[in-house]
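Working notes, beginning with the structure itself.
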Amino acid sequence: MDASAEQSLPEPGSQDSVAGDDIEIVVNVGGVRQVLYGDLLSQYPETRLAELINCLAGGYDTIFSLCDDYDPGKREFYFDRDPDAFKCVIEVYYFGEVHMKKGICPICFKNEMDFWKVDLKFLDDCCKSHLSEKREELEEIARRVQLILDDLGVDAAEGRWRRCQKCVWKFLEKPESSCPARVVAVLSFLLILVSSVVMCMGTIPELQVVDSEGNRVEHPTLENVETACIGWFTLEYLLRLFSSPNKLHFALSFMNIVDVLAILPFYVSLTLTHLGARMMELTNVQQAVQALRIMRIARIFKLARHSSGLQTLTYALKRSFKELGLLLMYLAVGIFVFSALGYTMEQSHPETLFKSIPQSFWWAIITMTTVGYGDIYPKTTLGKLNAAISFLCGVIAIALPIHPIINNFVRYYNKQRVLETAAKHELELMELNSSSAESKPGGSRSDLDTLPPEPAAREGPSWGSRLKLSHSDTFIPLLTEEKHHRTRLQSCK
């Protein structure tokens, strides 16, 4: 553009620069120039680009409040933003919706949309799922960082009783916190295995003894080992309940309910045996005790507390609820159909084993699940053909949901590894920032401490840019109260 053309361009605030539908502007985002027109941008007047058209009627102060720089000669607005994200954002003016390209961080893209004042409702549903997933990941990272900070933090204002509770809770719930805590976790794991083995060995006739009443009971040595294990489980549960910050939530959590089910049958059976001996009703009491002893198998689920793999498998099964429901529904329909067909086709045989349709359900179940128990089997040609078809349908029904379940397991397992690593990196970054702040001469105040005070932070993680150092700042803090956390890290060193 020559000098005469540049002189003919209107200045901001002049009558010729008033926004119009035919006005043309140039937007330079991260070195990428884009020519836009007023009639296109005016479709969404609440967006930042539409405000650029309107601000031409104002002064330079209005313009520089919306962009990083402005060239009046070229009527070009400069922004130090992500050009790739900008190309996606301006799609709203052409297509009425926004799609996020692959490889762009969903949280950063959301910040870009906020900067350009494009509402999230224009983001397509296929992209909102990625944003929601990334938000959940950051929330989980923030939660883990907060838990670690709570464990590291020592509040001098707290009483000795409260500090003791925190130490006990950390000792029992955080095996990685210290070597003694790791030893206790390993010991608890071994005792779970020992108690489970003892429970199984107690049912071996060769290891049982005969009591004074002539009944076969467990060997006294096995009973003593089980009593010792139950004593350890009881002590562990009571200490964890005593040190829990939220006792109601602790008591209602699944793993703690499993702990209660693992130790409660022992005390109930002991009480019933004592009362039965006094009331001379040993027969009924022994039946109740035997029923309660079955509940001892719940202690094997205590292993899930010490195994991240079992927890991941449980979560994968929860996430695969739809696939499992589809499998059960498919099997239920197949069992009903093939059992009815098998019963009908086998009635012509004089020695048929299919006495009724409900009785044929058992045959259909073991056939479709590829077990083939063999107590009930078809004898006619049509019955055998029906069995072959039911077998093939069962194989297909079981194989279909396996792949989604495995994918959910692998995805969640990898996600947990990534979240753990991200939480550790976030803590290392906080500690590095606190160390650099302490190394500065004249005190431990950093540049962050000299910033103007922030408005009251809302609870939970902050997704927006908290430190507005420039229009281009894309810092995404995981936690809102950064100064507070930095101080706590300093005090924990």
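The chain as shown is numbered from 1 upward.
Glycine is no exception: its Cβ is also placed from the backbone N, Cα and C atoms.
Keep in mind that what you see is a predicted model, and the values were worked out from it rather than measured.
Look at Swiss-Prot and you will find 1-183 (among others) tagged as topological domain 'Cytoplasmic', backed by a curator's inference.
According to Swiss-Prot, the transmembrane segment annotation covers 184-204 (among others).
The topological domain 'Extracellular' annotation in Swiss-Prot covers 205-223 (among others) and rests on a curator's inference.
As annotated by Swiss-Prot, transmembrane segment applies to 224-244 (among others).
The feature topological domain 'Cytoplasmic' is assigned by Swiss-Prot to 245-249 (among others). For the topological domain 'Cytoplasmic' (245-249), the list of distant contacts is 165, 169: same-chain residues at least six beyond its ends, Cβ to Cβ under 8 Å.
The transmembrane segment annotation in Swiss-Prot covers 250-270 (among others) and is backed by sequence analysis.
Annotation source Swiss-Prot lists topological domain 'Extracellular' at 271-289 (among others), citing a curator's inference.
Annotation source Swiss-Prot lists transmembrane segment at 290-310 (among others), citing sequence analysis.
If you look up Swiss-Prot, you'll see 311-324 (among others) marked as topological domain 'Cytoplasmic', on the strength of a curator's inference. Residues 304, 400-401, 404-405, 408-409, 412-413, 416 of the same chain lie 6 or more positions beyond the ends of the topological domain 'Cytoplasmic' (311-324) yet place their CB under 8 Å from a CB of it.
Annotation comment: Swiss-Prot describes 325-345 (among others) as transmembrane segment, evidence class sequence analysis. Note on the transmembrane segment (325-345): residues 354, 356-357, 360-361, 363-365, 367-369, 378, 380, 382-383, 386-387, 389-390, 393-394, 397-398, 400-401 of its chain, located 6 or more positions outside it, place their CB under 8 angstroms from a CB of the stretch.
Counted with DSSP, the topological domain 'Extracellular' (346-357) comes out as 2 helix, 0 strand, 10 coil. According to Swiss-Prot, the feature topological domain 'Extracellular' maps to 346-357 (among others).
According to Swiss-Prot, the feature intramembrane segment maps to 358-378, an assignment based on sequence analysis. Counting same-chain residues at least six beyond the ends of the intramembrane segment (358-378), those with a Cβ under 8 angstroms from any Cβ of the stretch are 331, 334-336, 338-340, 342-343, 345-346, 384, 386-387, 390-391, 393-395, 397-398.
Per-residue pLDDT, averaged across the motif 'Selectivity filter' (370-375), gives 86. For 370-375, the entry in Swiss-Prot reads motif 'Selectivity filter', with the evidence type similarity to another entry.
According to Swiss-Prot, the feature topological domain 'Extracellular' maps to 379-385 (among others).
Residues or ranges marked as transmembrane segment by Swiss-Prot on the basis of sequence analysis: 386-406 (among others).
The annotation topological domain 'Cytoplasmic' is assigned in Swiss-Prot to 407-493 (among others) on the grounds of a curator's inference.
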Helix, strand and coil residues within the topological domain 'Extracellular' (205-223) as assigned by DSSP: 7 helix, 6 strand, 6 coil
Distant-in-sequence neighbours of the transmembrane segment (224-244), which means Cβ under 8 A and at least six residues beyond its ends: 165-166, 168-169, 172-173, 188, 191-192, 194-195, 198-199, 202, 218, 250-251, 256, 259-260, 262-263, 266, 299, 302
Within-chain partners of the topological domain 'Extracellular' (346-357) [C-beta distance under 8 Å, separation at least 6 from its ends]: 339-340, 363, 375-380, 383
